Structure formats: structure tokens, C-alpha cells
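Asker: Okay, here's the structure, questions in a sec.
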Protein chains: 2
Amino acid sequence: MKKHNFNAGPSILPEVVYEKTARAILDFNGTGLSILSISHRSKEFDEVMAQADSLLRELLDIPDNYKIIFIGGGASTHFFEVPANFLNTKAGYVNTGVWAKKAIKEAKRYGQTEVVASSEDRNFTYIPKGFDIPADLDYLHITTNNTIYGTEYTADLDSPVPVIADMSSDILSRPRDVSKYAMIYGGAQKNLAPAGVTFAIIREDMLDRIQRDLPTMVDYRTHVTNNSMFNTPPVFAIYALTETLNWLKSIGGVPEIYRRNQEKAALLYDEIDRNPLFVGTATEEDRSLMNICFVMAEGYEELAPEFLEFAKSQGMVGIKGHRLVGGFRASCYNALPKESVEALVACMQEFARKHGK
Amino acid sequence: MKKHNFNAGPSILPEVVYEKTARAILDFNGTGLSILSISHRSKEFDEVMAQADSLLRELLDIPDNYKIIFIGGGASTHFFEVPANFLNTKAGYVNTGVWAKKAIKEAKRYGQTEVVASSEDRNFTYIPKGFDIPADLDYLHITTNNTIYGTEYTADLDSPVPVIADMSSDILSRPRDVSKYAMIYGGAQKNLAPAGVTFAIIREDMLDRIQRDLPTMVDYRTHVTNNSMFNTPPVFAIYALTETLNWLKSIGGVPEIYRRNQEKAALLYDEIDRNPLFVGTATEEDRSLMNICFVMAEGYEELAPEFLEFAKSQGMVGIKGHRLVGGFRASCYNALPKESVEALVACMQEFARKHGK
């Protein structure tokens with residue numbers, strides 16, 4: 001049976017990326033070598049790296065005064081590297097859930113860390129808005145999309161201090177004005193690549209603010225200066241990332257994927273709002289296009305395991321909600337086809353019919 | 001033309017690993033999902049991780065009081081994490097070249113760092129022996145194989161203090177007595193996997209010595225406690241690693257690969273020693289089984305570019321020596337077939353004949 005991959009991450013990638021990476025493992029671009037076994041100092045890999053940089057730059061419309069690095073680890077690596085590099089006196093964080101909290105925890109080790117806004121009061125079901133941003137912060141850190149709670153910043157923030165954003169789970173899914181951010185980073189394993197590589201887009205002037213004597217691998221200048229080649233980069237993951245960017249460009253870039261993501265999300269949110277058995281968990285205006293969270297409606301709670309089983313029997317993968325929210329989560333990343341959302345909607349409708357609704 | 005992959009790393013992996021990983025990208029074990037898109041919390045990946053642990057344990061005969069972690073980054077990550085975790089007062093390092101120096105540089109940031117022995121006096125062409133190891137060291141750090149200079153520790157050290165070894169480039173290539181090490185680590189991109197994952201084998205009692213308040217990702221206890229799943233691990237690289245271990249086990253484990261590696265190395269060193277055009281660079285007793293370095297013999301220096309071109313025309317890949325040593329380097333990692341070494345030897349012989357030798 002056809003599987004519909006709603007995994008929260010690592011998650012679905014475009015079919016063409018599977019085809020190209022599988023082929024490149026057997027023979028990379030006619031070199032007679034596997035992509036797993038080429039030198040990261042070869043001209044073939046230089047080209048992959050250069051393409052990754054130029055494609056991301058083009059697709060996100062990244063201004064020239066930003067540097068891009070692709071390094072190993074995960075967003076969790078940047079959680080401590082961001083304050084290690086940039087927290088000299090005081091940093092501000094917006095607490096929108098688990099990932100934001102993890103970033104806050106690491107920052108505290110490096111200096112004063114102020115939570116300037118939080119949605120913890122309502123289990124992170126919304127994005128705080130209209131809060132004051134102290135002008136003396138080294139930076140303000142936000143998490144643009146919150147996978148566990150299904151909330152997302154729908155607009156870029158205006159801020160008197162540099163904004164640093166974890167965009168692990170919504171990079172390239174909707175338009176963002178990069179010039180409003182001092183740094184954007186994330187793990188690549190949602191919209192960009194398989195797990196094992198991170199991206200960071202850093203405004204050049206930020207690098208002049210680094211004051212600590214940091215381990216070479218932790219200092220962002222190391223990776224900027226060496227074009228992400230200070231040490232052996234995760235070659236395969238970067239190649240897959242490049243092919244994902246090529247796919248995104250081929251279908252029309254961010255404008256087209258945004259249209260598709262809106263369409264997919266509307267299909268599913270409409271069903272959630274219409275179907276008497278289900279109810280969404282996130283505040284409507286902050287609903288994520290990427291992670292769509294819902295639970296059984298009041299009075300139907302006991303049907304949750306049955307729905308999960310039924311959905312599974314219809315080929316749905318990864319729709320169990322995070323334990324902190326419960327219920328269901330359909331992650332609808334860039335590469336998820338509309339057909340998968342339609343299949344899930346059909347599933348919900350049939351389940352309602354089975355229960356006389 | 002058939003390519004012979006002598007790359008120093010990322011390097012050749014077993015054919016069966018290419019086949020299995022390519023297949024797993026299109027469909028992982030009949031799940032209908034790609035290995036690039038499965039959840040790291042899935043039971044399928046749990047099994048991969050468990051297998052990686054048990055196979056490495058079996059192949060290296062790792063005692064029960066050692067923990068194994070597989071995390072992202074590279075050996076360069078461990079260069080600072082080792083002293084961050086274990087350098088409380090004073091550490092000793094043996095300087096056997098570029099990689100050892102990089103490790104030393106990172107250690108200095110954390111405390112007193114004593115170079116207890118060095119082979120820098122003769123451009124790192126040998127492994128220091130018989131040196132005194134101060135009894136007050138937190139640990140002694142060695143680099144068991146030196147890719148750039150082609151030297152290797154052929155025996156395990158006896159030491160009054162915990163020995164921590166970077167085995168990036170000779171792990172599982174020859175017998176090692178793990179019980180003589182407090183920690184063994186490395187980047188996996190030589191004998192184990194594609195680039196993007198590291199391994200660390202840590203004796204449990206070492207974890208009790210950690211005194212610093214470290215970033216969560218830097219503290220080894222984080223990864224030990226969470227079985228390498230604190231954050232999203234590099235799923236694909238770990239899968240490839242597991243399949244490489246499966247291959248090694250299937251051919252007879254370390255005893256058999258050691259036999260093969262000795263046989264391959266003997267073939268090439270014999271030719272270097274016999275062929276009047278070439279000369280080896282490493283001291284004979286410290287010659288590496290993994291990276292075989294040689295240069296043009298005295299009087300023939302100007303033939304180097306011609307030999308490189310000739311070898312390339314015969315399908316040899318990656319045999320140019322590191323710029324610090326010059327000449328040639330044939331990396332003969334576990335997966336390199338004997339046929340490739342024979343092809344290189346034939347190449348050297350034909351080149352000598354062309355030049356009347």
C-alpha cells in the first residue's frame with residue numbers, strides 16, 4: 001500500500017531526491033565513484049557546495065552581506081553555539097515551547113537570558129505578539145515554527161535588536177525577509193535534507209561581535225572563513241540538500257511552494273474545523289503550515305486509538321501527536337504531496353461516517 | 001575505466017554498502033519509506049542503532065564497562081570535547097602530526113597541556129616510543145594512525161594514566177586491546193561510514209570525572225544517557241555504518257581484515273622498496289597499514305607530475321600526497337580491494353620500465 005509520510009522529521013523529501021541520491025551512491029555524476037567516497041576537497045564536491053550556497057541564496061533572496069555555512073550536528077548544536085558566539089551581556093528569548101526552552105537553557109550558561117515573551121500560559125498554543133523588546137539585548141531569539149504545538153510566526157518581527165531565528169522546521173516553506181534577521185539557522189532534516197547537516201545564514205557584521213575565546217569548531221568564524229570545509233563536512237547530506245534546492249527551484253521556488261503549502265494546510269484545517277470528531281489545538285491565526293496538530297473533539301476522546309489504527313491501516317505514517325500535546329500531528333513539509341493530505345482528509349471523513357457523523 | 005579509490009577520506013566503502021544504502025533510499029527494508037525519511041524514534045531505526053552498538057562491541061571485543069556513542073560532527077568535534085570533559089588539571093599529548101596538533105590546540109584552552117613526546121624533529125616520519133608518561137596526567141592523548149605521514153602505532157601503549165586515542169583512520173583495521181584505552185573516538189569516514197558521524201567508546205568510570213558545567217551537547221553524559229538520541233542523529237550515516245560492520249563481520253571480522261590489510265600493505269611497500277624510482281617516507285617499523293606514503297627517489301624528483309598523470313590515466317584516484325609531505329599517498333582502507341593495490345603496483349612497475357628501470 002502507498003505510504004503517506006507525515007513524519008515530523010526526519011521527514012519526506014522530494015521523490016527526485018531519492019532517485020538522484022540513490023544513483024549518486026552507485027555512481028556520482030559519471031565519476032565512477034560513489035558520492036559516499038569522493039573527497040570533500042574534490043572539484044566535484046566543490047561544485048556541490050557552491051551550488052548549495054548559490055541556490056539557497058537565490059531561493060531565499062539572501063542579501064550579499066550574509067554568509068551561509070553548512071555544518072554537522074543539529075539545531076541543538078546551534079542552541080549553545082549562538083550564545084557562545086553572540087551572548088556578551090544579555091540575550092532575549094521568546095518561549096514558544098520545547099525547542100525554544102532548550103535554546104534558553106543553553107543560553108543561560110553564557111550570560112543573562114531574559115524570556116521577553118512566552119506562550120507557556122496556554123500550553124504554547126499561540127505565538128506571543130506585541131511584546132516589548134528591550135533595546136539592550138545582544139540579540140532576540142525566536143523559533144519561527146513550533147513542531148510540537150503546530151504554531152508558526154506568520155510575519156517577520158520588527159525588532160530594535162538583532163533577531164536570531166531557529167527556522168529548522170519552516171525554512172523555505174513561505175516567504176521570509178532575510179534582511180530582518182541577523183542569523184537564521186536550523187537542522188536541515190525537515191525541508192532541506194536528511195538528518196546530519198545544519199544550515200546557518202549569518203549577517204557578516206555579527207561575526208565582529210564575537211568576544212569569547214571559543215573552541216575552533218564552535219566559533220562561527222571558523223566555518224565562515226573555511227566555507228564550511230574546516231573539517232570534513234557531511235558530504236552526502238549536503239549533496240541531498242543541494243538536490244532538494246534544485247527541485248524547489250525547478251517547481252517555482254518559494255512563491256510556488258508557499259502556494260502549495262497553503263493549499264495543503266487549508267485542505268486539512270478545513271476538515272479539522274468541519275469534522276465534528278476533531279478539533280485543532282493551535283490558535284487559528286498562528287496555525288502552522290508545516291505541522292498541523294489536532295485532537296479528538298470533546299466527547300470523542302476515547303476514539304483516538306481507533307482513529308490512529310484506522311489511519312495507519314490506510315497508509316498514514318507518523319501522525320501520532322507529540323506526547324506533550326497528544327492527539328495527532330500531520331507534518332506537511334514542502335515535499336509532502338497534496339495527495340497525501342487528501343488521503344488523510346478522506347480517512348478522517350470515513351472515520352466520521354463510521355461513527356455516524 | 002575501472003577506478004581505484006585511494007582517497008584518504010571520505011574513502012572507499014564495501015560495494016555491498018553502496019548497494020544496500022542505495023536500495024534503502026528507495027525503500028528501507030520493505031517499509032515503503034526511504035531511509036532518509038524515517039523517524040529516528042521509529043522501531044526500525046532503534047534496530048539499526050542497536051545493531052551498530054552490538055556489532056562494534058563484538059568486532060572490537062569491547063568490554064561491558066564501555067559505552068558507545070554515535071554523534072554528528074567530526075573528530076574535530078572531539079578535539080575540544082575530550083578536554084572539555086576530561087581535562088581538569090593537566091593532560092598529556094603525543095604530537096605525531098597535523099591531527100595531533102589540532103587536538104593539542106583545543107586542549108590548551110581547557111588547562112595545562114603537556115606534549116610528552118613528539119616526532120616533529122623528523123617531520124613526523126616516526127612514532128615516538130619509550131617516553132615517560134607523568135603519573136599526574138588526567139589522560140594521555142594519542143593519534144593511532146597519522147594519515148598525512150603514513151605512520152601508525154603498531155602496538156597498544158602501556159600507560160599509568162588513562163589513554164584517549166583518536167582512531168579515526170585505523171579503527172577496526174587491526175587488533176587493538178580496547179581495555180588499554182579509557183576512550184577511543186574518531187570520525188567514521190574512513191573504515192566505517194560516509195562522512196557525517198563520529199564514534200566514541202568511553203569507559204564508564206571516565207564519565208564520573210567530568211567536572212565542568214558543559215553545554216548539553218558537549219557533555220558526553222548527554223549522549224551516553226540518551227543512547228546517542230538526545231538530538232536527531234545522522235540516521236543515514238549510522239545506517240551505512242551498521243551495514244559496513246555487517247560486511248566486516250561477514251568476511252571474518254578483525255582477524256581477517258588485518259590479514260588482508262597486511263597483505264595489501266606488503267604488496268605496496270615491497271614495490272616501493274624494490275622500485276628504484278620510489279622511496280617510502282615513514283620509518284619502516286612505524287609504517288601505516290592504512291596510508292602508504294612515498295615520494296620519487298633522489299634524482300627522480302622531477303618525474304612526480306608525470307607519474308601522477310600516468311597513474312590517473314590508469315584509473316588511480318586520490319594518490320596525490322598531502323602538501324605537507326608531497327609525493328604520493330595510497331590510502332588502503334579496509335574496503336579497498338587487493339586488486340586496486342595490484343593495479344597501483346603494476347602502474348609503478350610500468351612507469352619504471354618506461355624510464356628504463
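Glycine is treated like the rest: Cβ placed from N, Cα and C.
Heads up, TrEMBL stuff is auto-annotated, nobody curated it.
Since this is a predicted model, take the numbers as computed values, not measurements.
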Asker: In TrEMBL, the residues A:ALA75, A:SER76, A:TRP99, A:THR147, A:ASP166, A:ASN231, A:THR232 are said to bind pyridoxal 5'-phosphate. Which of A:GLN51, A:GLN189, A:GLN262 is said to bind at that same site?
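Answerer: As annotated by TrEMBL, A:ALA75, A:SER76, A:TRP99, A:THR147, A:ASP166, A:ASN231, A:THR232 share the pyridoxal 5'-phosphate site with A:GLN189, chosen from A:GLN51, A:GLN189, A:GLN262.
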Asker: I'd like to know which of the recorded positions A:TRP99, A:THR147, A:ASP166, A:LYS190, A:THR232 sit within 10 A of A:ARG41 (L-glutamate binding site) at the Cα level.
Answerer: A:THR232
Asker: Can you give me the Cα-Cα distance between A:ASP166 (pyridoxal 5'-phosphate binding site) and A:LYS190 (N6-(pyridoxal phosphate)lysine) in Å, rounded to a whole number?
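Answerer: About 13 Å separate the Cα atoms of these two residues.
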Asker: Would you mind listing, in sequence order, any of the recorded positions A:TRP99, A:THR147, A:ASP166, A:LYS190, A:ASN231 that have a CB less than 8 A from a CB of chain B?
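Answerer: Out of A:TRP99, A:THR147, A:ASP166, A:LYS190, A:ASN231, A:ASN231 lie under 8 Å of chain B.
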Asker: Does DSSP put A:ASP166 (pyridoxal 5'-phosphate binding site) in a helix, in a strand, or in coil?
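Answerer: Assignment for A:ASP166 (pyridoxal 5'-phosphate binding site) reads strand.
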Asker: Can you check what DSSP calls A:TRP99 (pyridoxal 5'-phosphate binding site), collapsed to helix, strand or coil?
Answerer: helix
Asker: Could you list the residues of the same chain, at least six apart in sequence, whose Cβ is under 8 A from the Cβ of A:ASN231 (pyridoxal 5'-phosphate binding site)?
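Answerer: A:ASN231 (pyridoxal 5'-phosphate binding site) has long-range Cβ partners A:MET217.
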Asker: I need the nearest neighbour of A:LYS190 (N6-(pyridoxal phosphate)lysine) among the binding-site residues A:ALA75, A:SER76, A:TRP99, A:THR232, using C-alpha distances.
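Answerer: Nearest in space to A:LYS190 (N6-(pyridoxal phosphate)lysine), counting only the binding-site residues, is A:ALA75.
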Asker: How many other Cβ atoms sit within 10 Å of the Cβ of A:ASP166 (pyridoxal 5'-phosphate binding site)?
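Answerer: Its Cβ has 27 other Cβ atoms within 10 Å.
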